Amino acid sequence: MASNEEGSIGTSLHGVTAKEHVFSFSADASSQVVPSNDPTSKFALPVDSEHRAKVFNPLSFAKPHMRAFHLGWISFFTCFISTFAAAPLVPIIRDNLDLTKTDIGNAGVASVSGAIFSRLAMGAVCDLLGARYGTAFSLMLTAPMVFTMSFATGPVGYLAVRFMIGFCLATFVSCQYWTSVMFNGKIIGLVNGCAGGWGDMGGGVTQLLMPMVFHVIKLAGATPFMAWRIAFFVPGFLQVVMGILVLTFGQDLPDGNLSTLQKSGQVSKDKFSKVFWFAVKNYRTWILFVLYGFSMGIELTINNVISGYFFDRFNLKLQTAGIVAASFGMANFFARPFGGYASDVAARLFGMRGRLWILWIFQTVGALFCIWLGRANSLPIAILAMILFSIGTQAACGALFGVAPFVSRRSLGLISGLTGAGGNFGSGLTQLLFFSTSRFSTAEGLSLMGAMAVLCTLPVAFIHFPQWGSMFLRPSRDGERSKEEYYYSSEWTEDEKRQGLHEGSIKFAENSRSERSRKIALADFPTQETGSQTVV
Amino acid sequence: MAIHKSLFASLLICLLFQISHGATKERLFSDLEKGALEVTAKPSREGVLDAGIDKLSITWKLSSTATKEAEFTTIKVKLCYAPVSQVDRPWRKTENELFKDKSCPHKIITRAYDKSPQSFEYTLERDIPTGTYFVRAYAVDAKDHEVAFGQSTNEAKSTNLFSVQAISGRHKSLDIASVCFSVFSVLALLVFFVNEKRKAKIEQSK
């Protein structure tokens with residue numbers, strides 16, 4: 001097939017055949033000569049056979065890898081600012097729009113619910129249109145919603161606008177997808193952790209930014225009830241700017257944009273129904289859905305309620321409550337990347353089992369500190385509990401996305417989408433149960449939410465990979481099922497395998513051998529050699 | 001980590017200042033002398049008043065039943081929420097501890113205490129929210145502690161209440177700017193999309 005010739009350069013979805021490995025183990029002198037048209041030399045960073053970067057350099061903006069990283073996380077950051085822009089201004093908004101606690105609670109639920117659907121859709125959009133358009137759609141189609149906040153006159157309008165703005169949280173999926181196709185599996189935990197964490201920081205920055213913008217606009221002469229509406233133009237404008245930057249400077253895949261690669265036959269289009277089916281059929285997807293609901297989910301809930309909690313319970317001023325609330329979100333700067341990094345380190349030592357244990361530990365510890373936060377009666381203890389809680393929960397988010405890229409290769413986008421949707425679902429659920437009624441005080445709600453999170457983290461013990469094991473079980477002893485290739489090629493039907501459509505998954509399977517624990521990987525080394533020699 | 005430690009430390013220091021500032025306020029509302037001042041608040045017109053436009057005619061004078069008159073140095077007149085405006089709004093809750101009480105957040109006027117009857121024409125501020133209100137005057141002593149009060153309504157806060165409608169905060173210029181930016185955003189996206197599809201088609205036909 002002509003497309004095979006093109007494919008031999010190596011793209012993330014339609015890759016080379018296994019023959020390539022002969023070169024990496026052979027001592028033949030002729031193979032040492034690097035062909036003059038070696039495509040990997042055109043990248044600023046060292047890349048693997050799929051042209052994904054093997055090194056992460058956050059200070060660089062080189063295309064395509066680091067540029068994608070920066071555009072991705074900043075877009076996501078901007079969307080977080082917009083989604084939670086209302087939260088620190090609620091004390092003003094509730095007076096202007098005559099809101100009750102129920103109205104505010106419901107709007108908080110609405111602000112995270114929209115993204116349940118948009119994150120699902122985004123997974124598919126990325127698979128089909130590429131990460132750039134996924135991000136740009138999310139940014140530029142929800143910017144009008146942010147501007148529309150200036151029209152709100154009552155609880156219904158407020159809720160509707162917050163619901164629609166919330167759709168932009170789908171950029172999380174496009175951002176994680178973009179980094180997953182740009183960076184190699186060995187560092188994906190750290191990269192996804194940084195992108196996710198620095199993006200999530202937007203939830204913290206907005207608690208500082210919006211009151212500040214509001215204050216400046218008031219100084220310029222506007223009344224409070226008009227100033228908060230004008231303040232919303234800032235996040236809206238940022239979204240439009242980011243959307244244009246993403247479309248101008250971004251690139252979907254290491255080798256080019258999706259539409260160009262598809263038209264030239266280098267990347268094959270997959271069928272959405274198949275992608276969807278394999279994502280949904282995989283039980284691990286749903287466990288991740290629940291887990292993320294109680295790490296990211298409670299983080300989103302906290303973004304909505306924590307400023308008001310400190311304002312009302314400890315009688316802090318609006319700006320002070322904003323500073324405290326901001327420090328929760330800002331911890332994301334290092335906490336989430338740390339979680340991803342810890343996951344990568346655990347994988348190096350213990351393989352996938354290490355990743356799963358790290359995930360459980362961080363998430364449970366974070367939830368325990370959440371229980372403590374609700375029970376703290378003095379301000380310093382509450383702040384201490386909140387900071388420890390934020391570190392635990394955010395590290396868990398990072399650790400989870402060290403696991404997610406390995407659940408499926410074919411349906412990577414959709415699984416990111418489903419997991420992300422789970423985060424929003426968890427947030428909507430916890431806000432609805434604990435923070436929208438007068439049944440629990442906010443303090444009680446926090447402790448109950450923490451307890452629920454401890455319970456809902458237990459399912460991580462059930463995630464089992466036949467080739468790598470689970471928290472309590474060893475990998476399968478069966479010769480065939482214990483191979484990564486078996487797991488990843490089981491997502492393709494026999495027909496499709498005959499057509500060679502699964503070769504990208506095989507490529508990925510070989511690169512994912514890093515998820516075996518060090519002991520097993522070393523013991524297996526002779527078999528790898530024999531494997532490639534048989535091909536020769 | 002070091003950045004975070006110093007952030008936490010500076011937070012603690014700021015907050016300790018705040019706490020110590022408000023440390024000794026255990027004074028209760030129930031300790032204040034009721035009805036020490038006779039307060040009336042007459043709206044400038046019937047029906048729901050408009051914030052920023054309508055006025056209240058407020059008068060206050062010493063009541064014949066007052067006993068702590070010697071301590072009065074200042075009178076603080078405030079706009080307070082009626083119970084109906086406090087329902088499902090815990091940030092407007094009435095608390096007995098004076099420093100926690102949030103039911104009278106809007107200051108009308110503060111004047112030095114004068115034996116003779118006082119009056120004030122108050123134009124409702126533009127940041128007054130929609131709700132039902134009454135007026136209360138606190139008599140404050142030289143240490144800035146409340147000692148007595150009087151209000152324009154009865155003890156159950158059910159008589160002589162008036163309603164206010166807040167300003168909307170909207171403005172035509174805002175609406176227009178909003179629409180313009182929105183249209184620009186969607187158009188820009190479409191332009192990029194169509195352009196790229198066209199370029200890809202050209203690539204393919206080459």
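Note that Cβ sites are derived from N, Cα and C of the backbone, with glycine treated the same way.
Automated prediction, rather than curation, is the source of TrEMBL annotations.
Under the heading compositional bias 'Basic and acidic residues', TrEMBL lists A:495-518.
Feature annotation from TrEMBL assigns compositional bias 'Polar residues' to A:527-536.
If you look up TrEMBL, you'll see A:68-462 marked as domain 'Major facilitator superfamily (MFS) profile'.
What TrEMBL lists as region 'Disordered' is A:492-536.
Sequence-distant contacts of the transmembrane segment (A:71-92) (same chain, at least 6 residues past either end, Cβ-Cβ under 8 Å): 104, 107-108, 111-112, 115, 131, 135, 138-139, 142, 146, 149, 158, 162, 165-166, 168-169, 171-172, 174-176, 178-179, 194-196, 198-203, 205-211, 214, 224-225, 227-228, 231-232, 235-236, 238-239, 242-243, 245-246, 249-250, 303-304, 307-308, 311, 318, 321-322, 325. Annotated transmembrane segment per TrEMBL: A:71-92 (among others), in sequence order.
Taken from TrEMBL, the feature transmembrane segment applies to A:133-153 (among others). Sequence-remote contacts of a segment are chain residues at least 6 beyond its ends whose Cβ falls under 8 Å from one of its Cβ atoms, and for the transmembrane segment (A:133-153) they are 71-72, 75, 78-79, 82, 85-86, 97, 118, 122, 125-126, 161, 164-165, 167-168, 170-171, 173-175, 177-178, 229-230, 232-233, 235-237, 239-240, 242-243, 246-247, 250.
Annotation comment: TrEMBL describes A:159-178 (among others) as transmembrane segment.
Per TrEMBL, the feature transmembrane segment maps to A:190-214 (among others). Same-chain neighbours of the transmembrane segment (A:190-214): 56, 58, 69, 72-85, 87-89, 92, 171-172, 175-176, 179-180, 183, 224, 227-228, 231, 234-235, 296, 299-300, 303, 307, 318-319, 322-323, 325-341, 343-344, 394, 397-399, 401-402, 405, counting only residues six or more beyond its ends whose CB sits under 8 Å from a CB of the stretch.
As annotated by TrEMBL, transmembrane segment applies to A:226-249 (among others). Non-local neighbours of the transmembrane segment (A:226-249) in the same chain are 63, 67, 71, 74-75, 78-79, 81-82, 85, 89, 92-93, 96, 132-133, 135-136, 139-140, 142-144, 146-147, 149-150, 152, 168, 206, 209-210, 213-214, 217-218; each lies 6+ residues outside the stretch with a CB under 8 Å from one of its CB atoms.
The feature transmembrane segment is assigned by TrEMBL to A:286-306 (among others).
The list of residues near the transmembrane segment (A:318-335) in space but at least 6 beyond its ends in sequence, with Cβ under 8 angstroms from a Cβ of it, reads 87-88, 91, 197-198, 200-208, 211, 302-303, 306-308, 310-311, 383, 386-387, 390-391, 394-395, 398. The transmembrane segment annotation in TrEMBL covers A:318-335 (among others).
The transmembrane segment annotation in TrEMBL covers A:356-375 (among others).
What TrEMBL lists as transmembrane segment is A:381-407 (among others).
For A:414-434 (among others), the entry in TrEMBL reads transmembrane segment.
Per TrEMBL, transmembrane segment is recorded for A:446-465 (among others). Remote same-chain residues near the transmembrane segment (A:446-465) are listed as 283-284, 287-288, 290-291, 293-295, 298, 301, 309, 352, 356, 359-360, 363-364, 366-375, 389, 396, 403, 406, 426, 430, 433-434, 440, 471-473, 475, 487, 515 (criterion: CB distance under 8 Å, separation of at least six residues from the stretch ends).
With pairs at least 6 apart in sequence, the transmembrane segment (A:159-178) and the transmembrane segment (A:414-434) have 3 or more Cβ pairs within the 8 Å limit; the two touch. When DSSP labels each residue, the compositional bias 'Basic and acidic residues' (A:495-518) comes out as 18 helix, 0 strand, 6 coil, counted as helix, strand and coil in that order.
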